[in-house]
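> Before I ask anything, let me first share the structure, which is written out below as structure tokens.
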Amino acid sequence: GTPHKYDPTFKGPIYDRGCTDIICCVLLVVAIVGYVAVGVVAWTHGDPRKVIYPTDSRGQFCGQQGTPNAYVSPAMGVLGMPLEKPHIRLWGCSGPLWLSGIPLTHPRICVSRCPERFLTLLSAYGSGDMEYYRQFCVPGFDNPLKVSAGSPTPASSPAADPSSCWLPLSLFQSPVEVLKNKECPAMLIPSTPLARRCLPAVQAKQGVIMVGNETTYDDGSGRRRNVTELLEGAKKANVVLEARQLAMKIFEDYTVSWYWIIIGLVIAMLASLLFIVLLRYLAGIMVWVMMVLVILVLAYGIFHCYLEYAKLKGEAGSDVSLKDLGFQTDLRVYLHLRQTWLAFMIILCVVEVVIVLLLIFLRKRILIAIALIKEASRAIGHIMTSLLFPLCTFFLLCLCIAYWASTAVFLSTSNEAVYKVFNETACQYSGQTCMPETFNTSNVTKACPDAQCLFAFYGGESAYHKYLIALQFFNIFMFFWLANFVIALGQVTLAGAFASYYWAFKKPDDIPAFPLFSAFGRALRYHTGSLAFGSLILAIVQVIRVTLEYLDHRLKAADNKFAKFLLGCLKCCFWCLEKFIKFLNRNAYIMIAVYGTNFCASARNAFFLLMRNIIRVAVLDKVTDFLFFLGKLLIVGSVGILAFFFFTQRIKLVQDTAPSLNYYWVPILTVIVGSYLIAHGFFSVYGMCVDTLFLCFLEDLERHDGSTEKPYFMSPGLQKLLKKSNKGHPDA
């Protein structure tokens, strides 16, 4: 590209500018209107209860007021307070048919509690447990279950009393008829509620698989079966159960440590703010102190890992390898292995050596980077509102995420209840859709007397339901587009504010009033289309990456090595493309903020400007990024170490104050991740400031030569470091 020539009228961000990329602006507005329409349609048809609450065979929610599955408790009948039926039985007469993928022949029933013991229908009749058994039958079932009309009647039974209100025995069904009509299950299995569903209470005691403290059970037909036959259906449920138990323990840890986590995040925020303030006045000293402290923190980490490694020598079980141990939900187990601390020590040693070598070989470039950081500190000092601007970006991103998530949930739950014909004997109508309201009067019951119309799944055959996948795809695409647009708006706003600082010849006198708000107004008024254009390109690449990840997930079970290799190459290429587009967009937005050109022209000018100064870009820009990374590492590492010593009760002064936890890594990781996000928020402003000043610095070197007619706009500190000077402008 051709270097920019001197322009005597150029005094910083151009105010007399016009709208750019209008077509993309119109396209964004139309897409947002369409996105709102999709959200309205989804909210109209969707019902998130389908995700939370199970349904019975009629498609009715369990445990919901206003449905047949919410009844009035006799104890509260006067007050009329409903007692919900929150659980659903998933188990058919012959075992766990639901989880093993076999169509459920016995109706799914909503119950107020899960069975606690093994019990068969016949044994319930014989032992007088029908009152207990009846709650696991279909709604409305109230048959006392006498075996047959000819069965002997006990003398003590109510039927022997002429004044009894019992009906004649001939009016009652036999257990065979009840099972044939599928009104009650043949047996009950001890179950535990999981996600509002009753699943077998499988447990292992001394290596023996048991359900309800039993190893065998009666299947309702008089045969004894081993409880291991239930494992095939409960296998997936046990994984979910373990995950649920882990989630519950993590939730318990959060309930007792949340205020300490908040205190840790506040400390991280204060440390980040203090670091930024110190950079304003002691940039050079702070950078060198930061590098030394990072080296010392890593050195202490290596020393601590060695102490733990040496302390475990000779202890029982400490020499077990990580491969033999496998994955454990309790991460504290790994801290009792010597191999864990050895791995930590090796990783920290490698990081320490790499950082030391980089500091040695880049020491001269670090001086220029420090000068840029000093200049960025002065710019932020004059535009202090820039430190709060990331909160606006964060708020807008939260809105995008909330709208996308809610729309996705409503779209996924906007299907209608689909009923299908289930039967045990051969039937030509088996598997066909049916309507429960007209099923009993249809030809199906005449051709197949044992057929039932049961709820199968949520779906639909209308035009809306056929395009649900396309609507979900559009939802994901719009999320990426709007999220990238919000980030681009934040970048061009900060770039415009900091460019106003750099191109002020006499700082801070020539800095315009309210530079941040002026830049924000210019971005929205003139360059919404350009921001939409850049974010659209990035969103397309990101959607392609998501699609490739989905295909990779689907092909994991396949044995096509060529397809996996091709997919891996595509994933790598699009990952690199996304990184390059993000880099190009960031610099294009700086050019847009300064010159007011369209996206393509700004991207081209920024790219050629960087290519003409590739050495400075590769060294200076990346050195400043490395220094900012060290600053984040210092803040996160310091707060993380403090959290580790506090939650592991190793600080004697506050040893009794630390909460008792199931997993102490839960609050520690939360504090570390939160500290990184907080530090990243503060340093992202610095990063954008440095990138803006760096591009303005390169433009300054090309446009000006330091003469009286073409003086440099850079600070005297940068001029001195680069051995440049303004002739005839001692105050510049």
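Even glycines carry a Cβ here, placed using N, Cα and C.
Grabbed the feature section from TrEMBL, which reads as follows:
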TRANSMEM  21-43  transmembrane segment
TRANSMEM  258-278  transmembrane segment
TRANSMEM  285-303  transmembrane segment
TRANSMEM  341-362  transmembrane segment
TRANSMEM  383-405  transmembrane segment
TRANSMEM  476-503  transmembrane segment
TRANSMEM  588-611  transmembrane segment
TRANSMEM  623-647  transmembrane segment
TRANSMEM  663-683  transmembrane segment
> Counting only pairs at least 6 apart in sequence, do the transmembrane segment (21-43) and the transmembrane segment (476-503) share 3+ Cβ pairs under 8 Å?
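Stretch pair touches.
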> Relative to the transmembrane segment (623-647), which of 285-303, 588-611, 663-683 accounts for the most Cβ pairs at distances under 8 Å?
663-683
> When you scan the chain for residues with a C-beta under 8 Å from the transmembrane segment (285-303), skipping those not six or more beyond its ends, what do you find?
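Contacts of the transmembrane segment (285-303) (Cβ under 8 Å, skipping residues fewer than 6 from its ends): 275, 278-279, 344-345, 348-349, 351-352, 355-356, 359, 366, 369-370, 373, 627, 630-631, 633-634, 637-638, 641.
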